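Now, the feature entries from Swiss-Prot:
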- Thr12, Arg54, His55, Thr188: phosphate binding site (BINDING)
- Glu169: site 'Important for substrate specificity' (SITE)
- Met187, Asn211, Trp212, Ala213: substrate binding site (BINDING)
- Met224: site 'Important for substrate specificity' (SITE)
Amino acid sequence: MQTIALAVIGGTGVYTLSQLDDVQVYEVETLYGRPSGPIRVGMLFGQRVAFFARHGEEHALPPHKINYRANIAALQQLGVSRVLALNTVGGINEAFGPRTLVCPDQLIDYTWGRVSTFCEEVGSEVLHVDFGHPYSPLLRGCLLRAARDVDVSLVEYGCYGVTQGPRLETIAEIARLRRDGCDLVGMTGMPEAALAREKGLEYACLGIVSNWAAGCGDGAEITMGEILSNVATVFRN
């Protein structure tokens with residue numbers, strides 16, 4: 001197979017990458033089961049790019065039921081070395097309102113019960129990977145430069161608080177995340193980032209702010225319609 005320059009993982013509201021040309025579809029089996037869906041590989045701006053939807057193409061997988069290990073292992077089996085994760089998130093920091101694009105540099109993991117390592121099988125090597133900087137500086141740099149080159153507004157920092165889901169958070173929970181230093185909240189950033197690090201993949205996140213987190217902004221009730229509408233607006237622009 002020809003080298004794949006980049007894999008893109010789609011989040012809520014991003015179930016296809018319609019710009020891909022000459023698409024080949026791969027149904028990948030891994031030691032950890034099947035990934036969230038077929039992986040589509042095609043040409044984008046002269047580069048081979050892979051894409052799949054983290055929640056499945058019909059959004060059938062809630063955050064805590066996603067087979068994160070199979071997703072990362074499948075990309076590695078296809079020869080992927082760089083992964084751009086699209087994550088639909090809520091804004092906590094007052095500077096990160098709906099339809100803002102953010103390239104976070106830190107995260108805090110509040111999830112529980114998710115299989116978060118490849119180091120569980122008998123005979124597997126136990127890896128204590130350095131996770132001080134959870135996102136690849138190399139890939140983050142590429143993303144930030146690309147945004148500047150095409151004059152796209154992209155916030156260059158932020159701490160992503162990863163919660164369990166699938167429900168949204170309470171106002172008190174968001175207040176806690178704010179005190180902890182979180183700027184954004186979402187449900188799928190972990191264990192995906194840690195698994196990518198264990199496999200030696202360059203991994204970065206592009207956060208798409210779809211709504212204010214509970215108790216932030218105007219304090220209005222958060223609806224799925226608002227989330228999907230704001231994500232669609234970002235991609236139309």
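Keep in mind that glycine also has a Cβ here, set from the backbone N, Cα and C atoms.
Note that the coordinates shown come from a computational prediction; the quantities given were computed from them, not determined experimentally.
Overlay of Swiss-Prot feature records on the structure.
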residue : record                                     : Cβ within 10 Å
Thr12   : phosphate binding site                     : 23
Arg54   : phosphate binding site                     : 25
His55   : phosphate binding site                     : 22
Glu169  : site 'Important for substrate specificity' : 23
Met187  : substrate binding site                     : 26
Thr188  : phosphate binding site                     : 29
Asn211  : substrate binding site                     : 26
Trp212  : substrate binding site                     : 21
Ala213  : substrate binding site                     : 29
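A 10 Å radius around the C-alpha of Glu169 (site 'Important for substrate specificity') takes in these binding-site residues out of Thr12, Arg54, Ala213, in sequence order: Ala213. Considering only the residues assigned to phosphate binding, Thr12, Arg54, His55, Thr188, the longest pairwise Cα distance works out to 10 Å. Under DSSP, Thr12 (phosphate binding site) is assigned to coil, being neither helix nor strand in the three-state scheme. Recorded residues Thr12 (phosphate binding site) and Met187 (substrate binding site) have their alpha carbons 10 Å apart, per Cα-Cα distance. On the backbone, the CA of His55 (phosphate binding site) and the CA of Met187 (substrate binding site) stand 11 Å apart. Maximum C-alpha to C-alpha distance over the listed substrate-binding residues Met187, Asn211, Trp212, Ala213 is 15 Å. Listed in chain order, the extra residues whose Cβ falls within 8 Å of the Cβ center of the phosphate site residues Thr12, Arg54, His55, Thr188 are Gly10, Gly11, Ala53, His59, Leu61, Pro63, Ile66, Asn87, Thr88, Met187.
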